[in-house]
Amino acid sequence: MTLLKNDTFLRALLKQPVEYTPIWMMRQAGRYLPEYKATRAKAGSFLDLCKNTELATEVTIQPLERFDLDAAILFSDILTVPDAMGLGLYFAEGEGPKFKRAMQHEADIAKLHVPDMEKLQYVFDAVTSIRKALDGRVPLIGFSGSPFTLACYMVEGGGSKEFRTIKTMMYSRPDLLHKILDTNAQAVTAYLNAQIDAGAQAVQIFDTWGGVLSDAAFKEFSLKYIRQIVAGLKRESEGRRVPVIVFAKGGGLWLESMAQIGADALGLDWTCNIGEARRRVGNQVALQGNFDPSALFGTPESIRAEVARILADYGHGSGHVFNLGHGINQHADPEHAKILVDTVHELSRQYHGG
């Protein structure tokens, strides 16, 4: 086991004392980096990049070479799980992800089952390879989509603006949706545990579309299944706690409920005030966020001011991991991302220690 040279991220997630607020960025390995685009071109396609251990390792490490980040996140996609279930994932140019076989008929849903984790071996190989390449520099985060977010793509057959198909199923045949969600929850639990076995030192569950649901529907069709996953995860590996982060975009309404599902931290999108969020969840969980990704289009001065505001809103003490409130925009200037990272480190020290 390689000793971690920088474990600030893990300590902050567990609300242990830190010297500064750690930062990583959702989608930190991505299209805003010219070096990522070059590696992606070499791979041929996005899926080929995910499935090539060497290149997935390369793009995971790229942002760490450029910025002083406190964590790396596995380069992969949330839709690897339904792809392994046999839904036939493909990416249409300019249209995003699509599935050849959408889950819309009772007969198909009845046949849906947890995939053999061997079909996802390329992901676990990437985790092992990235850990080796990191050599203890910073922790590695593994991740998965939430059962509901995965179901959105599986039922709609791709991305959607209004989620009419899945919401029709939810209100007219909730039994079918529950079958999909339960299968997804079992699959995600096995998938994240296999990532932890391969070397992931923290895991994040992305509930990207939970925020489109009503209050009652969120609790029944999303939160219930995230809780099921959290209860089934390995929480210790290599002699350390493996923290679990739950990020629901648009989930600010449900922070109190989310704080009670057993996760170590909650991710916040940019619409929440982090100080209010801290008061609402009390001492139950750490918080991650929540810089508006669009604020990177501002000036260096405005970026610094926004960082200062978020740090001041959170206030003194540990339990805050700085991040964006959603993935970094592909048009963001890497120089502005560097200003963000360096400013967080510089301005946060006054809120720790002493």
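Any Cβ shown, glycine's included, is placed from N, Cα and C.
Mapped onto three states, the DSSP output places ALA29 (substrate binding site) in coil. The Cβ of ALA29 (substrate binding site) lies under 8 Å from the Cβ of TYR36, VAL59, THR60, GLN62, PRO63, ILE73, PHE75, each of which sits 6+ residues away along the same chain. The substrate binding site annotation in Swiss-Prot covers ARG27, GLN28, ALA29, GLY30, ARG31, ASP77, TYR153, THR208, HIS326 and is backed by sequence analysis.
A sphere of 10 angstroms centred on the C-beta of ASP77 (site 'Transition state stabilizer') encloses 17 other C-beta atoms. Summarising the annotation, Swiss-Prot assigns site 'Transition state stabilizer' to ASP77.
Sequence-distant contacts (6 or more apart, same chain, Cβ under 8 Å) of ARG31 (substrate binding site) comprise LYS37, ARG40, GLN330. ASP77 (site 'Transition state stabilizer') carries neither a helix nor a strand DSSP state and counts as coil. Within the set of binding-site residues ARG27, TYR153, HIS326, the entry lying nearest in space to ASP77 (site 'Transition state stabilizer') is ARG27 (CA atoms). For HIS326 (substrate binding site), applying a Cβ distance below 8 Å and a minimum sequence separation of six or more within one chain yields MET26, LYS249, ASP269, TRP270, PRO293.
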